[in-house]
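Only one structure is covered here, and it is reproduced in the block below.
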Amino acid sequence: MSIHSVKHSEDQLLVQDSYLLEWKDIKYSVIHKDKETNILKGVSGYANSGEILAIMGTSGSGKTSLLSILSNRLFSQSHVKVSGTVTLNQNEIHTFHSNHYIKYVLQENFLFGTQTVRESLTFACRLKVPYLTKTQVNERVDDILDHLRLTKVADNIIGNSMRKGLSGGEQKRVSIGNELISYPNVMILDEPTSGLDSFTSQHLIEVLQAQAHLGRTIIFTIHQPNSKMFSMFDRFILMSEGNFLYQGKTSEVVKYFSDIGYKCPYEINPPEYFMRIFHIENRHHMSEEEKEILDICSYHYKKTLKKYMIPQTEGLTEIDIKKGLHTASISTEFKVLIQRSIINVKRQPMLSVIKIVQAIVMSSLVALIFNNLGHDKKSIQSITGALFFNSINYIAFPTQGEALTFPLERPVFLTEYKEDLYGIIPYFLTKVICEIPFQIIFTIIYSLVMYFAIPYNTYNASKFFIFFGISLLAQISGNALGYLVGSLTSSIQLAVVIGPSMMISLLAFGGFFSNTNSLSSAFYWIRYISNYNFTYRALIINQFTDFDFNNENDNPIELLNFQGEIWENVGSLLLVTFGMMLIAVINLKISGEYHKRR
Ligand SMILES: Nc1ncnc2c1ncn2[C@@H]1O[C@H](COP(=O)(O)OP(=O)(O)OP(=O)(O)O)[C@@H](O)[C@H]1O
């Protein structure tokens with residue numbers, strides 16, 4: 001299809017330049033226990049501007065692997081070997097910022113479920129095309145909404161497992177829109193129609209065809225297109241067992257296979273026919289007939305088809321290999337991420353209500369269990385218990401909350417990080433900062449309901465404010481522990497195991513259950529990393545200095561062996577909190593970088 005046939009020639013999404021994505025002799029193998037399995041066996045091909053190239057093949061034939069290599073997302077590592085060359089307009093894609101030109105849309109939609117379609121596109125636009133003004137961003141978002149036929153649902157919530165939102169087809173178009181927003185020249189999509197019904201799939205292919213007609217190169221994998229969809233592909237590749245069996249015009253594929261002895265019956269949809277004859281259940285146990293079919297087709301592909309695969313290399317646009325990525329400034333990243341977090345909180349009011357109710361219930365419970373305590377021995381014992389109970393409340397709830405929610409957010413983070421949308425530090429700090437208002441509200445409720453009911457030390461006002469400060473810091477440390485657990489685990493199931501195990505270990509050395517001097521020396525070091533320990537110590541010292549004991553021998557500071565000053569324990573709590581956050585950031589960085597190379 002010629003670019004000149006585009007309806008709106010003034011269209012901003014129109015690609016004026018000519019791009020050729022070409023790959024030569026791509027081999028990909030996986031090494032497992034010293035055994036090397038060849039996934040791609042030296043495939044070559046190309047995709048032109050203004051065309052749809054559809055790749056079809058049996059399951060496990062290597063389609064996704066090929067797309068990952070074409071989009072510069074799969075490299076040689078210790079357990080995988082990749083060789084061959086991929087070029088865009090004759091420049092190797094490793095040698096310049098190719099993701100400036102080539103965008104990849106994953107099979108799954110990793111979208112932030114509480115955003116609307118418009119907000120999601122605006123978020124992507126502000127980070128991917130940071131030089132645009134606010135008006136230009138809005139115009140571009142409207143443009144994409146229009147092109148992807150999403151205008152009607154522009155202000156609808158995307159939705160997630162907790163809240164129903166867009167349909168599968170609409171979500172897929174939002175994922176495409178998030179990539180299209182930077183007006184790439186090449187778009188590679190892994191099974192964009194997966195999970196969609198035939199009508200929705202066709203609608204999606206029409207949307208992609210419109211992009212191809214604007215001059216974009218569109219490459220995707222697909223399983224079983226219907227005949228209407230099949231006729232919309234300009235070029236077609238058929239794969240089996242890591243080899244190509246056909247590459248060429250879609251309009252010629254039926255004749256080609258007919259000529260070599262595989263005539264597609266009139267009443268059968270060609271893609272269905274190809275999948276039937278090339279369907280191999282088990283690569284290691286092919287029947288003689290299956291082997292023969294593959295051998296014949298491979299022979300004809302290499303001898304006849306392959307030699308006609310000569311891409312047109314004249315008139316290609318020169319790639320500016322010095323051109324860097326348009327990355328947003330750190331301040332823009334912060335701004336955009338904080339705005340998204342605020343929207344996220346606003347759209348889930350029940351979560352905020354639950355947190356506040358939790359604070360009221362837990363503080364009332366403590367106030368009811370331990371109230372009107374005096375200064376005698378029994379009361380002092382109860383106060384030490386109440387303070388430990390406070391430490392647990394302050395730390396355990398945020399830990400559990402973050403450890404369970406972070407794995408849910410993790411896939412979106414990994415996908416956005418892979419796209420270089422933002423750095424780890426703005427992402428992480430945004431999470432920490434956006435939790436602080438809740439922690440302040442929680443601490444105010446908790447302290448006001450409970451402090452004077454017990455009552456804790458009322459020697460002077462500073463006691464209350466020190467208690468407040470320690471409580472707030474303890475909650476931040478609880479969150480830090482939650483981030484640490486969440487950064488270590490990729491699933492809620494794992495978080496449920498790791499989180500409590502870590503919490504219990506730190507709690508055991510919290511200083512309440514046993515005098516720390518009497519604990520087993522092999523695990524003694526745990527008290528130096530226990531946020532419970534430093535919180536409890538600081539709270540006890542604050543409570544029982546300047547306390548009017550009936551009997552000086554009842555002083556828990558002596559009994560629990562809690563020497564030192566408050567500030568020393570608060571300082572240690574700060575250090576431990578910072579250390580946990582640092583480990584979480586390092587874990588995230590490692591996971592993010594690993595994910596980038598997959
Ligand atoms: N990093 C890897 N480690 C182990 N095996 C791998 C790796 N990458 C790919 N494979 C294997 O290579 C084969 C091809 O995988 P790929 O995902 O490319 O196939 P596909 O054609 O996209 O399959 P499907 O249509 O089922 O998604 C599969 O058997 C897969 O298990």
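A Cβ is built for glycine as well, from the same backbone N, Cα and C atoms used for every other residue.
Look at TrEMBL and you will find 21-266 tagged as domain 'ABC transporter'.
Same-chain residues lying 6 or more positions outside the transmembrane segment (350-370) and placing a CB less than 8 Å from one of its CB atoms are 382-383, 385-386, 389-390, 393, 397, 438, 441-442, 445-450, 453-454. Among the features that TrEMBL reports, transmembrane segment is placed at 350-370 (among others).
Annotated transmembrane segment per TrEMBL: 436-454 (among others), in sequence order.
Outside the transmembrane segment (466-485), and at least 6 residues removed from its termini, the chain residues within Cβ reach (under 8 Å) are 390-391, 394-403, 406, 428, 431-432, 435-436, 439-440, 442-444, 446-447, 451, 456, 495, 498-499, 502-503, 506, 531, 535, 538-539, 542-543, 566, 570, 573-574, 576-578, 580-581, 583-584, 587. Sequence annotations record features per position, and here TrEMBL assigns transmembrane segment to 466-485 (among others).
The transmembrane segment annotation in TrEMBL covers 492-513 (among others).
According to TrEMBL, the transmembrane segment annotation covers 570-588 (among others).
Outside the transmembrane segment (436-454) by six or more residues, the chain places 352, 355-356, 358-360, 362-364, 366-367, 370-373, 383, 386, 390, 393-394, 398, 464, 467-468, 471-472, 475-476, 479 with a CB less than 8 A from a CB of the stretch. Residues of the same chain lying 6 or more positions beyond the ends of the transmembrane segment (492-513) and with a Cβ under 8 Å from any Cβ of it are 384-385, 388, 391-392, 395-396, 399-400, 403-404, 406-408, 481-482, 484-486, 519, 523, 526-527, 529-533, 535-537, 540, 560, 562. Away from its own ends, the transmembrane segment (570-588) comes close to residues 413, 424-425, 427-428, 432, 469-470, 473-474, 476-477, 480-481, 483-484, 486-488, 528-531, 534-535, 538 of its chain (Cβ-Cβ under 8 Å, at least six residues beyond either end).
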